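Asker: To start, I am sharing the structure in question, which I have written as structure tokens.
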Amino acid sequence: MGAPLDIAVNAGTPEEEEREAAGTEARVLEREGARSSNVEPSSPPTMAEHPKKQRSEGPVETDSQRVPESKDGGNTETDAVDARCDHFNPAEEYRMNNKRRGVALIFNHEWFHWFLTMPERRGTNADRDNLRQRLSEQGFEVSCYDNFKTQEIHEKIKDASTADHSDADCFLCVFLSHGEKDHIYSNDSKIEIQALTNMFKGDKCPSLVGKPKIFIIQACRGEQHDEPVIACDSVDSAIERQNEIQVDAAAVYTLPAGADFLMCYSVAEGYYSHRETVNGSWYIQDLCSTLKKYGTSLEILELLTLVNRKVSVRRVDMCRDINAIGKKQVPCFASMLTKKLYLRPK
């Protein structure tokens, strides 16, 4: 048999052996860590290695997660909003101390071209005159346009949207007409509501960015009457017999995209809007009377809610349409306003 192998060949001093053992142990631990995390030993810890940041296996709820940084390392737009949300003042108001209150356009339609077969809107001139007086009292520069054709309306709306409103508080536009689905009628055709409101978005009307844009639409929005829930109502008892109640044929609203719009409708979607042939429409009557009494003191949404209540207690007492007798009406509004709006005296 040969001589036994010496497994301690070239053994060093005890100090060298201790350093060698420590280095071997470190390399073993490094290899085991690399296998368990499936990353290079020199890579930084992943979310899976962090005990407090486990990756979710299910859907992420955006309101409980912070939005990641953008590719260039900066914060996203959502981050900026999220950072400010704790500092929002719920009582913050729109700045209404500019030089001018603003422009108010009233498009009033009583007559329509024969081929539209639309009935005359008797009483609408009373609405126009009532609105002109009340809006003028609120400081608006009011312009009225009667029985305009579609092209003429587009021209006036375009002129308003391209005008300089930098010294104005807000903008207001009223349509008194018949309607159908998401359109209102001019003298010679129908116009898409959203095509008009889109002209006042920030990219097309920069001088109104951050300012209220109010649209008031007096037209029906469907083919139904509201069934009355009160057996007796005396609101219309003082109306003269010749002041007959009529209905406007329908318009379904379309909400504009963007902040600071306020859409006011004479009736909820799918229902008739009632108009007296002498005194004008219920909605405009009550809107104007409420503006006269509370226009400088109530916040605009509170004022519109009061108008809703006043109109809702009315009832049709006299109408050629027998099916309309006893029917009621409830207006509505859709607010994209981001602050409180007051029309205090200037």
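Every residue, even glycine, has its Cβ placed from backbone N, Cα and C.
The region 'Disordered' annotation in TrEMBL covers 1-82. The annotation compositional bias 'Basic and acidic residues' is assigned in TrEMBL to 49-74. What TrEMBL records for 100-224 is domain 'Caspase family p20'. Annotation source TrEMBL lists active site at His178, Cys220. Feature annotation from TrEMBL assigns domain 'Caspase family p10' to 251-345.
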Asker: How do the residues of the domain 'Caspase family p20' (100-224) split into helix, strand and coil according to DSSP?
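Answerer: DSSP composition of the domain 'Caspase family p20' (100-224): 41 helix, 42 strand, 42 coil.
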Asker: Grab the pLDDT values for the domain 'Caspase family p20' (100-224) and give me their mean, rounded.
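Answerer: Averaging the confidence scores along the domain 'Caspase family p20' (100-224) gives 93.
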Asker: Provide the number of Cβ atoms within 10 Å of the Cβ of His178 (active site), excluding the reference atom itself.
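Answerer: Taking every protein chain into account, the count is 23.
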